[in-house]
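Below is one structure, written out as structure tokens, with a few remarks after it.
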Ligand code: SAM
């Protein structure tokens, strides 16, 4: 249990308590009159004479003295003594006595009060009913004093409790005032039954009916009308709570009655409604007679033991039994009424009744639906005003509204179709079964161009992930291979390590340009298989229909007769695959593992290793070797910068080539042709190692690049980088939502502060500023660390160096340089910005 609750179970120490303390009011109830005054046209500000009945400890008087015009007369009275309040006349008296009346007259002299306040509460605590009654009497007394002292058109404010006297009091007020209104100011606790009645425009009647202010007359109990016991008996399931407590003179909650009284009664229904149990006197001779009735079943005997738990049919059974018993005992003639009550309805009546019930139900449902829709609309509006709604949300709300419609989004969501629908633009087909079943079938294999942006984005993301994974594994493998190779001796360049291997181990090839063309894209993706099949074709199955005519013709050339398949394997592309199909722009790396196995068979051939890249290029830093692309136009595009080793659509060279191909500037034939250049066939036999090393490093082909291609690639990378991953986007949205919620909260708080009229403008602005500070609070900045170089006098120093304050770090020479470099880079970076 919290500290506050321990102090006071009602949670009395609420904000009004603290506010009252802050403002110097004697009680938190001061805010009740402040709020009432505000709500009802600031009557206090216009009152020159105010009487406060039941004023202790005096907070209402304090408010009055603050709000009323200067030199106003404020008189307060209470049964308990009060500490004096400046400019307020206070006296002690019981407002129900003549003493109080005369004293008040003495203080008022010839004046009339503009406002009479009454916040009296009896100091009793006898119990709810008694307290409420005393309160009502006290209110009537206060009204009496008000009537005596109020000016025409004056105002009377009084506290009353919600009790059965409430309406009576209100009626009396209405006779004396033009306008009577009940209110519950926010400062009044919800748990309290108190309400305040503001009576404005005192009529000041010349003649007053004394009965109007006589508690006996006003609170006189009118005889209660007959209770509707029928509803209790015929509708027992519907329990109406009696909020007023015990009935007059009846202090029991449990009632019993002999069953024979039930037989004799003229009003059995009322009896059944009131009683808890019907008792049986076994010795009663009349009971002995009715006991023999066939209606006196064991069930009946059980039912009469607890009438409060019976249902409609049970009561019917009891009434039937009563009729039979009365008849047998000759009380039958008086049973006409009961007969009428229990007559079962005819079929038509029954149908009519059921119809009416159904209609009523329908009306109720419609009302409920309408209300719900209005609520949703209202909610949406509020959320929109608070900038919390996005168009997507509106869709969600709309789905709620259309819950019962045929195209129900909720159902679609449950069945998983919603996702597919959301993708949109899907080709929807009705297959045979579906047509029969009226089922909608969504074609999963719809062409990719039919997907919408969101789906495409998802796919792209997945593709990127897969590509990245692939890249990581490939890189790891290549690195491992390269390390292994280096361990075996870096210059053993003859080892064949597979097609993709070549890219990293560039020294094995001298920048040959190979083209590879294939019959279909599947073969492209699996170069190994292609090669194997190619070799087997060359090894005698050249008639295979899979080979293009051109290729077949080429390989039928006698020069290939003695060529080993493995040798061919490493030089597969240029002639072999130059058929009519278009040149693929993108190549995938072939499986390295299998290549290695094969390559181990014939190490000599590895020097001619090739790859399945569209175009292989080398470093362009060479000097003294002119490019094959020496035409004027091409020359202008040749860049001196480093090119990346791997050529695909992700490099400027590949992009240039792709552009040229797309624009028709280059044909496949050109590519094939370019493959035969001086870098392609280089004899490395019997050459000194240093020479081959040099060649490998510097004699490389320069591929042309264009500005457009560079720009296009840059754009591509930019869009890729700019697109945040889903999780980042979600986190950002969450953060935004949180800050919005925080802002709204603060707005509300600020609104409350602004509305609080008890605060000075200065207080308000201070509080709001405090709130704002909370929102705009900057995260703590890291303390500055001073770097101390461990040289000179600081060399070998342990502990804090002299003259250094705060955080410090000892750094050595290397670190010093590093720090300098870092600073330099940061500066450069800053300048660039
Ligand atoms: N309005 C007051 C204020 O803000 O300081 C608080 C009034 S307090 C809720 C109720 C007061 O009614 C008590 O101080 C109590 O002494 C007073 N009271 C109850 N019966 C009274 C009576 N018969 N005559 C005068 N005062 C009475």
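Cβ coordinates come from backbone N, Cα and C, glycine included.
Feature annotation from TrEMBL assigns domain 'Ribosomal RNA methyltransferase FtsJ' to 25-202. Feature annotation from TrEMBL assigns S-adenosyl-L-methionine binding site to 58, 60, 78, 94, 119. According to TrEMBL, the feature active site, proton acceptor maps to 159. Residues annotated as domain 'DUF3381' in TrEMBL: 236-383. Annotation comment: TrEMBL describes 351-387 as coiled coil. Sequence annotations record features per position, and here TrEMBL assigns region 'Disordered' to 502-528, 571-646. Annotation comment: TrEMBL describes 502-516 as compositional bias 'Basic and acidic residues'. Taken from TrEMBL, the feature compositional bias 'Acidic residues' applies to 517-528, 593-606.
The number of other Cβ atoms within 10 Å of the Cβ belonging to residue 78 (S-adenosyl-L-methionine binding site), over all protein chains shown, comes to 23. When each of the binding-site residues 94, 119 is scored by how many other Cβ atoms sit within 10 Å of its Cβ, 94 comes out lowest. With a CB cut-off of under 6 A applied against ligand 1, the recorded positions 78, 94, 119, 159 are reduced to 78, 94, 119. Geometry remark: residue 159 (active site, proton acceptor) versus residue 58 (S-adenosyl-L-methionine binding site), CA distance 16 Å. Taking the domain 'DUF3381' (236-383) as a whole, pLDDT averages 77 in the prediction. Around residue 58 (S-adenosyl-L-methionine binding site), the same-chain residues at least 6 positions away in sequence with a Cβ under 8 Å from its Cβ are 26, 27, 52, 76, 82, 83, 85, 88, 90. According to DSSP, residue 58 (S-adenosyl-L-methionine binding site) is assigned to coil rather than to any helix or strand. If you draw a 10 Å sphere around the CB of the residue listed as 'active site, proton acceptor', it holds 22 other CB atoms from the protein chains shown.
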